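Single-structure report; data block below.
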Amino acid sequence: MKSSAFVHGEPSRTRVSGTRANWKPFTFNPLFILFLVALHVLHIVGIQLLINQRKSDEPQLQRVQRNGTETDYDSVFIFGDADVTTYLAWQYLPVGIIVLIAAIWELVDMDVRRLAPFVQLASNEGGNAYNALCLDYTSIFGLTTPFSALQRRHWNVALCSTMYILVSIVLPAISGSIFAVEFGAISFSQGRVAEPTFAIVTINKGLATVTQALHGVMAGSALLLSILLLLQHTGLYHDPKGLGGIVSLVSDADRSGCTTLELFRQIPPFAHSDVISSALGNISFRLEHFAAFYPDGSTYMTYQLSSKSMQGYIVSINPSQRSYYRNDRDSRGLWLTKRIAWLSEVFLWLGHAAITAALYYTARFVGVATSSSSVSRVAIGKVVLTACMTIGGMMWISIQREVQRFEPWRKLAGGRTSRLYTSMVRGDIVSRAYLGGALMSIVLGSLMALWASICVFMVQAATIFVPPLMEFAATPGSKNPETGEQTMGIFEVLSFQAMMAMVGVAVGVHLMIFFNLIFLSFNKRTVPFLPRAPTTIASQLLYVCHSDRLLSTFEGTSMLTGRELADRLRSVESFCLFGWFTSPRSQVQYVGVERCDHINQWSPFQY
C-alpha cells in the first residue's frame, strides 16, 4: 500500500528547512560541558575541605588513638565502629559518584565519536575511506580510540576519548583509595578494652593530591573541548542516527548528478569490509549542496554526499571478490565473538584472584599492624582491582554497543515489521550511549537492548562494591608485629551479618556478570546473520544503494530538521526489511534494506 504522502519516483515538495547545516546534539552545548566542569571543580574543593577539616580535627583523632573508649567527639572522621551505614558510605560513595559522572561523560564521548566521520566529510578537504566512510570509532575498544584518532588528526575525538579514559578508569581507581577506615580499638588500644568502640577515617594525602590534579586536568580539558565543539562545524541538518540518517544524505544523488550511488552499485552488496575499503581507495567524498531536478524540470536544493570521481569511473575489484564468502568476524564484529567476550570475564576473575592472593600473602609474611605500609598495601590493591573492574567495564560497554547496534537489524532481517520511522531512525539505540540506550530500550520494548545496558550496570556496580573487600582479603593473613600472633582485624569489628551482606552483594553482582556472559554465549546474539556488520557509513550505504523504493521515500529530506524528518517518516505506512530483493531497473537480485508494501516482496537472507 502506497503512502499518501509519497508517490514512488516523485519526492514530496515539502518546504526545505532554512536552518544552517550545523546541527549539534545537546551534549555539545557549552552549558552542558560547564555543568561537568562544575562537578570536577566541586570534587577538588570537596577533597580539600575534607583534608582541612581532618587537620583541624586532629586533636580529637589523637584522643581516640590514645583511648579507644573516647566518647566526646563531633568529628565527621570519627564514628562508632558498629555504625555500618557510615562505614559503607566512606567505602562506596567516593567511587559511586565518579562512576555516575563517567556515565554522563559517556554521552559526550559517544556523540563526539559517532559524528566524527560526518564532521570530516563536511570539512573543506572532505574525507575518504580511511578517515570517514570506513571509519568506526564507536565499536573499537575505548583504550585504543585516542591512538586511532591521532593517526587521523581527529583532535576532538582524541581529546574527548582520553578524557573518558581518565574519568572512567583512572579516577575511580584512585578515588576509592583516598579514604580508609581504621578501627581504633584494634589499631590503638588492643588488649585494653573489651569491645571496640570507635573507628576513624584516614586520608591518603598523596592519592588525594593526585585525584585533585586529575579533576583539574578534566576541568581544564573540558573547557578546551567545549571551545572546540562550539567552533566545530558538523555539516548536518539533523541527527544522522540510524540507517535513515545515512539514506537521507544519498537519496537525491541520482537527481542531482552525484556519482556516489554509481560507485557503490559497482561493489557487490555482500562484499567484505576490506573489499569496500580497497574499492573506494583514495576517492574523496564531501557533503555539499546541489540542485536536484523534479521530473517536470523544476529544481530544489538538496544536501548530498558527493564523490570526486568522474562519471563512468570504474572501481577496482578482483573477480574473486565478487563472490560471497562467509566471514564471521566481519559479520558480527569483534566484541560479539565468544572468545573476546570470555576474555573480558577472564580478565575480571583472574585479576581479582591474583590481587586478593597477593594481599593475603603479603599481609601474612610482611605483617599488618599499625604501620602506614599496611594502609598503602591495601590502597594499592584497591587501586589495581578497581582499575581491572573499570577496564572490564569498558570491555562490556563495547559488548553492549554491539548488541544494541545489531538489534534493529535483527528485526529487519527476521521479517518483523515496524513503522518506517522506528526501524530507520528511532530504533538506533546505540547512538544514545549507556544511559540513554537503557531508557530508549524501555520505551521501544527492546528486552535484549535493555539487557545489554543492565550488563554494563552490573559491572559498574561491581566497580563500587568489590574493591572494599580488599580489606577482608588482607585481614585473615595479617599478624600483629609485636606479638607475632594472628589477628582477625576487621572481622573483630564488623558484625557477621554486615560483613556477609557486603560480601554477598559483591559476589552476587559478580555472579550476575558471569551469568550474563553465559546467556550471551548461548543465545543467537553471537550468531552472524548479516554479510557484513553495519558499523560504518560505507557498509550501510552498500546495503541501500540499490533500494530504489527506500531512496525515493527519503528524497528531499536531507535539509529537513529532525522534527520535520520525523513527521515525514511517520506519515509513511510502509515498512522496511533486510534480505533479498529484485531491482526494478536491472531485474537483478541484491541483498540490502528496502521499503516493502507487502511481505511477499522480500526473501530472507540466509547467512
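Heads up, the Cβ atoms here are built off N, Cα and C, so glycines get one too.
The model shown is predicted, which means the values in this text are computed figures rather than measured ones.
Now, the feature entries from TrEMBL:
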TRANSMEM  31-51  transmembrane segment
TRANSMEM  89-108  transmembrane segment
TRANSMEM  157-181  transmembrane segment
TRANSMEM  213-231  transmembrane segment
TRANSMEM  340-363  transmembrane segment
TRANSMEM  375-397  transmembrane segment
TRANSMEM  433-466  transmembrane segment
TRANSMEM  498-522  transmembrane segment
Q | Dominant neighbour of the transmembrane segment (31-51) in 89-108, 157-181, 213-231, 375-397, by Cβ pairs under 8 Å | A | 213-231
**Q.** Annotated stretches the transmembrane segment (433-466) and the transmembrane segment (213-231) touching (3 or more Cβ pairs under 8 Å)
**A.** no
(Q) Would you say the transmembrane segment (498-522) and the transmembrane segment (157-181) are touching, if the rule is that at least three C-beta pairs must lie under 8 angstroms and be 6 or more residues apart? (A) no
